[in-house]
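Taken verbatim from Swiss-Prot:
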| type | residues | note |
| --- | --- | --- |
| ACT_SITE | His174 | active site, proton acceptor |
| BINDING | Val13, Asp34, Arg39, Tyr64, Gly78, Val79, Thr100, Thr142 | NAD(+) binding site |
| BINDING | Arg87, Asn119, Pro120, Val121, Asp122, Asp147, Ser148, Met149, Arg150, Thr224 | substrate binding site |
Amino acid sequence: MSRKVFLVGDGAVGSTFANDLLQNTTVDELAIFDVAKDRPVGDSMDLEDITPFTGQTNIHPAEYSDAKDADVCVITAGVPRKPGETRLDLVNKNVKILKTIVDPVVESGFKGVFVVSANPVDILTTLTQKISGFPKDRVIGTGTSLDSMRLRVELAKKLNVPVAKVNSMVLGEHGDTSFENFDESTVDNKPLRDYSEINDNVLSEIESDVRKKGGKIITNKGATFYGVAMMLTQIVSAILDNRSICLPLSAPINGEYGIKHDLYLGTPTIINGNGIEKVIETKLSDVEKAKMINSADKMQEVLSGVEM
């Protein structure tokens, strides 16, 4: 394996991811493409300056033909969410951009794994698979992994424990129909609901805080990028290292949870060097299962109206 990454989109998320990736795993080659041609030139030179500490990497601006021998193609390119916008508001803008990316990457001869983080990520991951014609296990989206990290942070703050001791996930759409899987959540291997500080009102407040956090970050600084860049780093590192990890990602649904639609949605997913190793149907209450189906129905409704 050449340990080559082809990055499409060198904005705030893309450049932060590139920096994080180089500091967290070995990368032989990082090829960066952006429609703003000057930016990858500048970032390639800037990132070179950390290689005395991170190890030797061939970092360079790229064209789509450079995707041919990459192990991973990371798609961060797209119109970012503005204050007051939902992720779904971005659909038709970013679908048009997506097609201009996926087609030439496939035409280059790329045979690796697509990793998508552009929003709305469940929709764009589904469409990346359909446009590319790739096997579903070789297309992955960041899904609800960032939402889940935000949930863990909020629970850790509430219970005054290290975040590493919190095991909790957000499932469904990376967006307004997502939901927290509180019944299966644990803190220091103890069920979350066993803690005296936790009740339905507290959980409702935490759920609201998690859902609103992205919008608050955008209102205050214009964009979110540190969190999602680190999630991308975890995903891509696992692929390059051929290391199995489980994260709540946009994964292909094949009847799990009683969902009838052919789409990608946030669910626990084991990935490795080949892409998706296993999609896990986690235990849900009847209420949570109804929320999962509702999330899928909403995504299908949006997909049905997409202008390709």
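Even glycines carry a Cβ here, placed using N, Cα and C.
Note that the structure is a prediction, hence the values are computed from the model and not measured.
A map of Swiss-Prot features onto the structure.
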residue	record	DSSP (3 states)
Val13	NAD(+) binding site	helix
Asp34	NAD(+) binding site	coil
Arg39	NAD(+) binding site	helix
Tyr64	NAD(+) binding site	helix
Gly78	NAD(+) binding site	coil
Thr100	NAD(+) binding site	helix
Pro120	substrate binding site	coil
Thr142	NAD(+) binding site	coil
Ser148	substrate binding site	helix
Binding-site residues listed as Thr100, Thr142, Ser148, least Cβ neighbours within 10 Å: Thr100
Surrounding CB atoms that lie within 10 Å of the CB of Tyr64 (NAD(+) binding site), all protein chains: 20
Site with most surrounding Cβ atoms, counting all protein chains shown within 10 Å, from the binding-site residues Asp34, Asp122: Asp122
Separation of alpha carbons, Pro120 (substrate binding site) and Tyr64 (NAD(+) binding site) (Å): 23
Largest separation between Cα atoms (Å) of residues that the record links to NAD(+), namely Val13, Asp34, Arg39, Tyr64, Gly78, Val79, Thr100, Thr142: 24
Residue from Gly78, Val79, Thr100, His174 whose C-alpha is spatially nearest that of Ser148 (substrate binding site), among the recorded positions: His174
Recorded positions clustered about Asp122 (substrate binding site) [Cα within 10 Å; pool: Asp34, Gly78, Val79, Thr100, Thr142, His174]: Thr142, His174
